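All remarks here apply to the structure that follows.
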Amino acid sequence: MFKPIRKTHPLISIANNALVDLPAPSNISAWWNFGSLLGLCLMLQILTGLFLAMHYAADIETAFNSVNHICRDVNNGWFLRICHANGASFFFACLFMHVGRGVYYESYLYHMTWNTGVIILFLTMATGFLGYVLPWGQMSFWGATVITNLLSAVPYLGMDLVQWIWGGFAVDNTTLTRFFTFHFIFPFIILALMMIHLLFLHQTGSNNPLGLNSNVDKIPFHPYFIYKDIFGFIVFYWILIRFIWKFNYLLMDPENFIPANPLVTPVHIQPEWYFLFAYAILRSIPNKLGGVIALVLSIAILLILPFTHSSKFRGLQFYPLNQILFWNMVVVASLLTWIGARPVEDPYVLTGQILTVLYFSYFIINPLLAKYWDKLLN
């Protein structure tokens with residue numbers, strides 16, 4: 001019997017099994033759209049970044065002016081730059097919603113998929129930070145100085161590590177060159193990890209809103225979810241383009257439109273909005289090493305979720321108390337983002353410390369609350 005080429009060709013069949021004939025649960029909701037949206041965001045960032053790299057100069061004397069040149073002189077360069085900068089914000093917004101969906105529906109029980117996802121999150125945050133340094137404005141320079149200086153908290157090796165990353169005794173030309181190099185290569189590593197992430201996901205199959213085994217109720221990915229994803233792409237691009245044209249510099253720091261000056265410190269040093277929750281947690285710990293550990297743990301704690309899982313049913317949709325706790329956690333993370341942008345003074349310091357305790361307590365209380373609810377059902 002004749003088989004279509006998509007099933008017989010050694011290369012096309014791989015794409016076919018991942019995008020066309022892939023068996024998918026029939027009831028997955030719009031929350032499952034964010035995976036494909038993240039792939040779209042990554043493609044957008046790689047393409048815009050590639051064209052920006054053609055005109056960018058990774059040198060402290062010319063970096064700021066080269067960004068200025070891209071926006072003023074390069075044909076549609078302003079659009080590329082704003083697409084790349086705001087695309088990063090939208091990338092992180094989708095990333096946080098993707099992780100939030102994984103926590104809510106307990107998709108972390110697919111251990112390998114979850115672990116690669118957390119590694120991707122770490123790498124994406126590193127890439128975002130490196131990109132923030134490249135325009136070489138005031139916030140770029142001081143952000144790079146402050147964040148890289150955190151490594152000096154590592155016992156014995158601290159200062160050696162910092163100087164190794166700087167390539168000297170201060171943030172200088174060498175630092176900018178290597179940051180640009182890593183910022184360029186990391187998205188391709190993320191792309192490779194994304195393939196591994198999908199490979200692990202397709203071995204187990206997707207989770208679904210009911211948290212049940214859906215092997216008896218699978219439908220082909222194409223056309224059902226291809227069209228659903230395309231609709232998601234259209235909505236995403238519409239929001240992004242509207243945002244770019246109306247609020248193009250809203251998410252950027254005004255300080256970064258001033259060339260870097262090592263002799264003048266900005267009043268308030270802060271990273272981009274998508275790091276502010278972690279930055280607030282870092283500042284909440286009075287000890288430097290403790291702050292760095294808390295900063296890493298704010299993301300790494302996601303890795304313990306598969307091991308603390310204690311509920312009989314899969315997903316918080318069956319646990320009303322856990323739902324309240326989850327949405328409380330969303331509010332806490334949002335407030336931490338706000339606190340991270342505030343100056344280090346009362347009442348913000350105390351508020352940040354309370355929110356940090358609430359953030360980490362979620363991961364302790366959640367499994368206990370699920371166990372309590374299961375006990376009530378018995």
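Glycine residues also receive a Cβ, built from the backbone N, Cα and C atoms like all the rest.
Bear in mind that the values here come from a model prediction, so they are computed numbers and not experimental data.
Per Swiss-Prot, heme b b562 binding site is recorded for His84, His183, and the stated evidence type is similarity to another entry. The DSSP secondary structure for His183 (heme b b562 binding site) is helix. In sequence order, Gly49, Thr127, Leu130, Gly131, Leu134 are the residues of the chain that are 6 or more apart from His183 (heme b b562 binding site) and have a CB within less than 8 Å of its CB.
Summarising the annotation, Swiss-Prot assigns heme b b566 binding site to His98, His197. With a 10 A radius on its CB, His98 (heme b b566 binding site) counts 20 other CB atoms from all the protein chains.
What Swiss-Prot lists as ubiquinone binding site is His202, and the listing cites similarity to another entry. Within 10 Å of the C-beta of His202 (ubiquinone binding site) we count 14 further C-beta atoms, all protein chains included.
Same-chain neighbours of the transmembrane segment (34-54): 70, 77, 80-81, 83-84, 87-88, 90-91, 94-95, 97-98, 101, 183-184, 187-188, 190-191, 194, 229, 232-233, 236, counting only residues six or more beyond its ends whose CB sits under 8 Å from a CB of the stretch. Residues or ranges marked as transmembrane segment in Swiss-Prot: 34-54 (among others).
The annotation transmembrane segment is assigned in Swiss-Prot to 78-99 (among others) on the grounds of similarity to another entry.
Away from its own ends, the transmembrane segment (114-134) comes close to residues 56, 58, 63, 67, 88, 91-92, 95, 99, 102, 107-108, 140-141, 143-144, 147, 175-176, 179-180, 182-183, 186-187, 189-190, 193-194, 196-197, 200, 271-272, 274-275, 278, 299-300, 302-303, 305-306 of its chain (Cβ-Cβ under 8 Å, at least six residues beyond either end). Summarising the annotation, Swiss-Prot assigns transmembrane segment to 114-134 (among others).
As annotated by Swiss-Prot, transmembrane segment applies to 179-199 (among others), with the evidence given as similarity to another entry.
Summarising the annotation, Swiss-Prot assigns transmembrane segment to 227-247 (among others).
Residues or ranges marked as transmembrane segment by Swiss-Prot on the basis of similarity to another entry: 289-309 (among others).
Annotation comment: Swiss-Prot describes 321-341 (among others) as transmembrane segment, evidence class similarity to another entry. Distant neighbours of the transmembrane segment (321-341): 100, 103-104, 270-271, 273, 275-281, 283, 311, 348, 351-352, 355-356, 358-359, 362, 365-366, 369-370, 372-373; these residues of the same chain sit at least 6 beyond its ends, with a Cβ under 8 Å from one of its Cβ atoms.
With a threshold of 8 Å between CB atoms, the same-chain residues lying at least 6 positions outside the transmembrane segment (348-368) that come near it are 277, 280-281, 283-285, 294, 297-298, 301, 304-305, 308-311, 322, 325-326, 328-329, 332-333, 335-336, 339-340, 342. If you look up Swiss-Prot, you'll see 348-368 (among others) marked as transmembrane segment, on the strength of similarity to another entry.
Within the same chain, the residues at least 6 positions away from His197 (heme b b566 binding site) whose Cβ sits under 8 Å from its Cβ are Thr113, Thr116, Gly117, Ile120, listed in sequence order. Around the Cβ of His84 (heme b b562 binding site), the number of neighbouring Cβ atoms within 10 Å comes to 20. Taking every listed stretch (179-199, 227-247, 289-309) in turn, the largest tally of C-beta pairs under 8 A with the transmembrane segment (78-99) is reached by 227-247. Non-local neighbours of the transmembrane segment (179-199) in the same chain are 18, 38-39, 42, 45-46, 49, 53, 56, 58, 113, 116-117, 119-120, 123-124, 126-127, 130-131, 133-134, 144; each lies 6+ residues outside the stretch with a CB under 8 Å from one of its CB atoms. Residues 99, 103, 106, 108-109, 111, 114-115, 118, 121-122, 125, 150-151, 153-155, 277-279, 281-283, 356, 359-360, 363, 366-367 of the same chain, all 6+ positions outside the transmembrane segment (289-309), place their C-beta atoms under 8 angstroms from a C-beta of that stretch. Residues of the same chain lying 6 or more positions beyond the ends of the transmembrane segment (227-247) and with a Cβ under 8 Å from any Cβ of it are 30, 33, 36-37, 40, 79, 82-83, 86-87, 90, 94.
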